[in-house]
Ligand SMILES: [Zn+2]
């Protein structure tokens, strides 16, 4: 369950950058093809933020599906989260987006 480590990393990064103050809301972007399960991050967020400046903060997660481009036929399509395969049968696809994992915004009071 690497979502725990990822959530800890996010919380540490925010705590480090904010320093003083109290975080009331965090918005993350976790692409469907990033390999990170947003629900697991939601689950970890409460326990991980306990005792930090993020305790009690609201967590919003954007989950963009992303886009693939087939190098064989040129088709642009939404990738399956587990494997990218074009309708033409080619696996030679370029994943253009959907692998994002970033902190979009942090609300501080
Ligand atoms: Zn194709």
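Using N, Cα and C of the backbone, Cβ positions are placed for all residues, glycine too.
According to TrEMBL, the protein has these features:
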type	residues	note
BINDING	2	Ni(2+) binding site
BINDING	70, 73, 86, 88	Zn(2+) binding site
Among 2, 86, 88, please name the binding-site residues whose Cβ is nearer than 6 Å to ligand 1. 86, 88
All chains considered, the count of other Cβ atoms within 10 Å of the Cβ of residue 86 (Zn(2+) binding site) is 20
Expressed to the nearest Å, what is the distance separating residue 70 (Zn(2+) binding site) and the residue listed as 'Ni(2+) binding site' at their Cα atoms? 30
Nearest to residue 2 (Ni(2+) binding site) by Cα, among 73, 86, 88 (binding-site residues)? 86
With the Zn(2+) site defined by 70, 73, 86, 88, which remaining residues of that chain have Cβ atoms positioned within 8 Å of the Cβ centroid? 71, 72, 74, 75, 87, 89, 90, 93
Have a look around residue 70 (Zn(2+) binding site) and count the other CB atoms within 10 A of its CB, chains all included. 20
Does anything in the same chain, at least 6 positions from residue 73 (Zn(2+) binding site), have a Cβ under 8 Å from its Cβ, and if so what? 86, 88, 90
Conformational class of residue 70 (Zn(2+) binding site) under the three-state DSSP mapping: strand
